[in-house]
């Protein structure tokens, strides 16, 4: 179940606010400039769909984002527990970083924990199937895919080169709860 938990960035032990309610989550995230919404598809993707199948199922929604925001490229990332790079990628994604562009992700299946460091608070957003999140450019954040990741996501980019991170060097991510599934 999707969820939002908000902490102070000085106290990882006591959540200040928490909700599983979609409208409340959207309201809190919109207040800090984060887009959060649900997408639907009427296509059955089947087990382990390839990237072309995933893109085709959501092409209309992708086209709307491109028209609205001018994004230039998109791709599909799939991660499974047997991926030999999962530990390396998890370590990289868990390091607090920013991007020079919005980080736009749509969860086709599975789940991931986006953690945003904004205005003295940590916003932990558990995104699941059909959740779209767009983190504004320059927002310090990290992503936890869990120890045994199992997800497929569409990534949308301003920059045709794809995912380019600027690591902050802050170890704050180590202090906050991780994704447990």
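Backbone N, Cα and C define each Cβ position, glycine as well.
These figures come from a predicted structure and were not determined experimentally.
Going by what Swiss-Prot states, the Ni(2+) site holds 97, 99, 103, and the candidate of 117, 141 recorded there is 141.
Comparing CA positions across the recorded positions 102, 105, 141, the one lying closest to residue 96 (site 'May play a role in metal incorporation in vivo') turns out to be 141. Proximity of residue 99 (Ni(2+) binding site) to non-local residues of its own chain (separation of 6 or more, Cβ distance below 8 Å) is seen for 135, 137, 138, 163, 164, 165, 166, given in sequence order.
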